[in-house]
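Enquirer: Below are the features listed in TrEMBL for this protein:
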REPEAT    71-105  repeat 'PPR'
DOMAIN    288-380  domain 'DYW'
């Protein structure tokens, strides 16, 4: 088979989606040796691969070394990568650098710019760029831009403002926007607003399992177990299945997948559980770790709650990585759901106690854990 622009970008895209960093590096070397890096589209795909595999510095290097003139896709790919990694100030700087070169921004790059502001708490800046879209660049905001603004207010804890913004939009808010706000209500424990938002979602997408789980989370934190039970009954009545959490990790160029709460007989899973037990014991002794059981959805004993959260997929993946990867090797995990508070706390402790760097790509962003701190600065 003859390799061409389409097939190469396709393989790079697959690496990016799976978080296959090591394989992506091998492919990068091949592209360089085979002389394919003169293609702008291949460079854009390579940049995107590094960004989505957790190496934003390497993505920036690919961007800087691009032999051909950068396209709007090149700028957008790097800006989106900076946004995913929580580098809001750098994303804004890149946007202005792009504008200074004469490249006109489009609606897509504004989505990434607003996303960057949202994930770093730059509310004032986000509002400014939203206004500039229409007033300076004559770009009419789309549903995605409005969604970014609801997310911007919601993540900052300005829940009432986010709700009013969604209600006053010139186009009807879709399920994604209301779901974004419900997630913020869950994070900040606002029961009254969460119930209002859930009613909106029940009209638009009544069978989405994530919405029911988010509402359950709000009730569970407030220890309203009867309401938790009512939500669970509603899920059973509607035959709604919870989306299982999974995490992937690349070890020796092989991708391994772990499922939350599934204790299989598979020797890989057993190995991960055994290593996780060892890690948790050490974290309790050396790091003062105490599981955060507030969001476990059942009115059960504390010990059972600890068992429930200890089997989260990202914990298993990281434990497996610590057991298998060479000392000093960065651990990279891809997760399909949003990382929970307890896993976030535990990853920070592991990075400190085990002196290891951990990169977790969850549903919406990257978390880089090092020396007991996270790149998100606990704002996610």
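Each residue, glycine too, has its Cβ placed from N, Cα and C.
Predicted automatically and left uncurated, TrEMBL annotations should be read as such.
Worth saying up front: this structure is predicted, and the values here are computed from it rather than measured.
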Enquirer: Per DSSP, what is the helix/strand/coil residue tally across the domain 'DYW' (288-380)?
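Expert: Helix, strand and coil residues of the domain 'DYW' (288-380) number 34 helix, 16 strand, 43 coil.
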Enquirer: Per DSSP, what is the residue count of the repeat 'PPR' (71-105) in each of helix, strand and coil?
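Expert: Taking each residue of the repeat 'PPR' (71-105) in turn, the totals are 26 helix, 0 strand, 9 coil.
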